[in-house]
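Since the structure comes first, as structure tokens, the remarks are kept for the end.
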Amino acid sequence: MNKEKRWDIFYRWQSANPKPTTELNYDSAFELLIAVILSAQATDKGVNKATAKLFPVANTPQAIFDLGVETLKSYVRTIGLFNSKAENIIKTCQILMEKHGGEVPRDRAALEALPGVGRKTANVVLNTAFGEPTIAVDTHIFRVANRTGLAPGKTPLAVENRLLKVVPNEFKQDAHHWMILHGRYVCLARSPRCAECLIADLCDYKNKNL
Ligand code: SF4
């Protein structure tokens, strides 16, 4: 795919949705971090339902740590993998208090050192809470990048590196959200909605569902 096409794709996404953001509900970097940890292999809707009850009761590292792991589990038990996620969250809260003064660090290495936080979660927090031009690659973005030809790659990291190289700077900050929404609602895994797709004429996918 050439530069002009890529620019046009992002320009169209931007025109249609100038201020894209996450569908996870949060009011602070810490709440976002917890929501993203909970969202692995779960829907944003399911996470929002659980955090709507959890955050009014506890939304700081100290408060969640004080709940204890069993009480925390009772708030998140509707979310897949809740046992290990609750354990990771308690350990993460402890590290945030001991090493970061109770704050979420604006630093990739420090974020990735937290239990339950991998590269993707760190990228989401850096991008969405701190405004860094990182591009987290989840299953939707991986699919969209490969299908469209925007940034083909065999692994999420390869796609991330390619996107960082080829996405025009003016679109980098919001690229993650535009691509995730496109994958979630239009370029669906099994049956992409090519007939109603905003970028169909720019997309390189050979088996369009028209
Ligand atoms: S045309 Fe189809 S395959 Fe291409 S981005 Fe749109 S929905 Fe996805």
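Quick reminder: no glycine exception, Cβ is built from N, Cα and C everywhere.
Fair warning: this is a prediction, and the values are worked out from it, not measured in the lab.
According to TrEMBL, the feature domain 'HhH-GPD' maps to 38-185. Residues or ranges marked as [4Fe-4S] cluster binding site by TrEMBL: C187, C194, C197, C203.
Mapped onto this structure are the features recorded in TrEMBL.
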residue	record	Cβ neighbours (10 Å)
C187	[4Fe-4S] cluster binding site	23
C194	[4Fe-4S] cluster binding site	18
C197	[4Fe-4S] cluster binding site	19
C203	[4Fe-4S] cluster binding site	21
DSSP-assigned states of the domain 'HhH-GPD' (38-185) in counts, ordered helix, strand, coil: 100 helix, 0 strand, 48 coil
Grab the pLDDT values for the domain 'HhH-GPD' (38-185) and give me their mean, rounded. 97
Need the DSSP three-state call for C194 ([4Fe-4S] cluster binding site) to compare against my parser. helix
Same-chain, non-site residues whose Cβ lies within 8 A of the C187, C194, C197, C203 Cβ center for [4Fe-4S] cluster are R147, T148, V186, P192, R193, I199, A200, Y205, K208, N209
